[in-house]
Amino acid sequence: MHFLQNAVVAATMGAALAAAAPLEKRSCTFTSASAAKSGKSSCSTITLDNIAVPAGETLDLTGLKKGTTVIFEGETTFGYKEWKGPLISMSGTDITVKQASGAKINCDGARWWDGKGSNGGKTKPKFFQAHKLDQSSITGLKVYNTPVQGFSILADHLTITDVTIDNSAGTSKGHNTDAFDIGQSTYITIDGATVYNQDDCLAINSGEHITFTNGYCDGGHGLSIGSIGGRSDNTVNDVTISNSKVLNSQNGVRIKTIYGKTGTVENVKFEDITLSDISKYGIVVEQDYENGSPTGTPTNGVKVEDITFKKVTGSVKSSGTDIYILCGSGSCSNWTWSGVDVTGGKKSSKCKNVPSGASCSD
């Protein structure tokens, strides 16, 4: 009798374990956004096969199981609607995101582009919300024509490698098509990004231990820290931006802070940056932004300290300015300036409170 009872218990437990096992190692292929949303929690490998996301909906990959791999296959597309988005949202821990050979994510942003970006006109959806995508990686995605901003990053230990964002079709009407916006994040690495856009290639609004390297930025507003000030988190610390090219852009490298606000920008390195055909500023540090525009009057509430400009070289158009530094009184300090050679534009006569070692006339 005891043997029979034990056998029944063992059989029951075995059946339960067998039923549970597929949930731990299940590979799933989804062909619709709704199927992905409803089925994602039971999958350890998710293949998104030629998904057409309906208008006004998000490809919802939030709350993924730890260790999930997500593969974009074929062409991912999105229906048209005026809304804020995002088109894709993803969260989880130890997530691997990649694409199959020949795959692409086609946002078809031209349907929204009206030259106004996020400042009016049509309401445009942001592209990819990587919030709480921790200890994870995104590799090799090819993204075309985002309506406005690209990757919104609020994460810890996220590595993005060899991602292409091609908004070159938006040269005339695309606007605010930032590639990577980072806030309240730690240990973010972006390596080998290729970007054609109409706004910042990189914008760091807050965060620590951030690396951007081997980037290629064409057509936008350059590599930016800020704007800093007026947010819940106004600290940027330990940032390295290196071995990158900025071409045909409004700015090369930039730090901008908000007029009358407080915060800290420290331990930031711009190293081995090559500039070409920059239209406005090769190197620019401004502490006078108010309502999104410079005022010409800097304030010193945001400290800009321990900043390195090393081997930042290249050309500015004759209508532009090589270097512009507008610091508040005593707020910019302990800068390292070496191998800087930016030429072709004007020399600014409006620089203020330039820290020792730096120069507006190099």
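Placed from the backbone N, Cα and C atoms, the Cβ positions cover glycine too.
What you are looking at is a predicted structure, and each value in this text was computed from that prediction instead of being measured.
In Swiss-Prot, the cysteine linked to Cys327 by a disulfide bond, out of Cys332, Cys351, is Cys332. Looking up Cys43 in Swiss-Prot gives a disulphide bond whose other cysteine, out of Cys28, Cys107, is Cys28. Swiss-Prot marks one residue of Asn291, Asn334 as N-linked glycosylation site, namely Asn334. Swiss-Prot names the disulfide partner of Cys201 among Cys107, Cys217 as Cys217. Summary: among the recorded positions (Asp199, His221, Asn334), the fewest other C-beta atoms within 10 A of the C-beta are counted at Asn334. Note on the repeat 'PbH1 3' (207-227): its mean pLDDT in the predicted model is 98. With helix defined as DSSP H, G or I and strand as E or B, the repeat 'PbH1 4' (236-257) counts 0 helix, 19 strand, 3 coil.
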